[in-house]
Amino acid sequence: MSSHLKIPQYLAAISACMGAMCAGTALAWTSNITGKLRKGALNGLEMNDEQLSWTGSSMTIGCMIMCFPIGIVCDKIGRKTTCILTAIPFLVGWLMIIFANHTMVLYGGRFLIGVAAGSVCVSAPIYTSEVSHAEVRGTLGIFFQLFMIIGILHANIFGFVLELRYFNMSCAVFPLKFAFIFIFQPESPVYHMAKNNYEKAEKALQQLRGDNYDCDAELKQIRATIEEEQMYPSFRQAMKTKAAKKATLICFMLMFYQQFCGISSMLFYAQELFTAAGCQYEPVEPPLCVIIFGCIQLIATIFCAVAIERVGRKILLMTSCGLMALASMIIGAFFILKHRNILNEGALKYFECVLPLVGTTIFIVAFSMGLGPIPWMAPAEIFPPEVKSICTATAATFNWLLVFLVSKFYLNLADSIGHDSTFFIFAAISISGVIFTRFVVPETKGKTFAEIVKDLTGKKEEEYSEITDNSII
């Protein structure tokens, strides 16, 4: 496919993934403003640790609730319509935050934003996958994570440089831009074909591929895929197989490792972490550390987009978990040195910014190269087609539940047992992730689904062999 034929697909993917920017901005909203929230910068509401924890975690409850049903909504009203409608709870949520005069109003606004973020985290990747040609599907698939990181960086930078009210207003503009730009893109041709609307599917595909593209062959392939899906065994029957059971274990454990490695605690409370480390000296103050953190995350994600198709998933996962364990131990060791007065004042002043920043840098680079993207890719690669939608939605719901637990109780845990012990727990979990990946997770790069089933079970299961032999991951 020539370059000019790919441009409409890139535009469609970018438009859809602007929803990820909205989600990223909301996800990292607290990361660089916790000091302002404590001082009452939000309409005079002075917040304590408990209120901060609910502010950070209330969004994840909305995400968790919407992940499962939104797949059904996408099938009923379309991927594009679902994505555009998320702008409404995004906008209402931000308006509630801007004018909040009570913490419950703030929690409600964060919850609504979570509903929108959870919805777009399911609907936008589906849309991007279905409008992309096979030649560019892998590249466009990384766009969602990339744009979410851009949204996170926006929160890191403008949460620091703007007054809180104006920062919130800048966040509220994102869903309006998203809806206005995305409305001009076509609906997914796969959705139209599933509704037996051949003419609309052809028109949408022509818009995505260009006027000179012959759509007949691709439309026939889409129709054949939809008809094939109707021949799959029932969900209950499919879940009885060893392949489906092991795939479920792998996906849920990868989601567990992704969140319990400590990434959400860093994302929600990055400024709190650097402040606790004593990083108060110019020019590397806590807010600037958070911005550096976001820039590193963006660069690492771009690197991951290039490397992930060149290196096996298993190697990336093991390397990622190993480096994250090292990073957590560096941060934990620093807090031991600080709290036990092992270093003199001069040495402590030197290390109290260097070690946390080095540890955080290693942590975010390692996370972005493995545990960040791969757990979200795994369901599409290892679940049987007939259980993929339900199991993927369930895994996403489980992921947001873990985000809630970590974001809600991180500050409480750190206060109870100390930052040092907390990060050593994260390190131990990451080490167990290396072991789990080594002995349980199969390599999927370049394999057919039948080959993956063989790796999962030790033999190729008959009920999948015929329908998957030509399906390359």
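Each Cβ is built from the backbone N, Cα and C atoms, and glycine gets one as well.
Ranges compared are 5-23, 423-441, and TrEMBL records transmembrane segment for 423-441.
In this chain, the transmembrane segment (249-270) lies close to the transmembrane segment (423-441): three or more C-beta pairs between them fall below 8 angstroms, excluding pairs fewer than 6 positions apart. For the transmembrane segment (81-101), the partner stretch with the highest count of Cβ pairs under 8 angstroms, out of 52-74, 107-128, 140-160, 166-184, 315-337, is 107-128. Only sequence-distant pairs (6 or more apart) were considered; of these, at least three Cβ pairs between the transmembrane segment (140-160) and the transmembrane segment (357-378) are under 8 A, so the stretches are in contact. Using a cut-off of 8 Å between Cβ atoms, the transmembrane segment (107-128) and the transmembrane segment (390-411) share at least three residue pairs, counting only pairs 6 or more apart in sequence. Between the transmembrane segment (315-337) and the transmembrane segment (423-441) there are 3 or more Cβ pairs closer than 8 Å, counting only residues 6 or more apart in sequence, so the two stretches are in contact.
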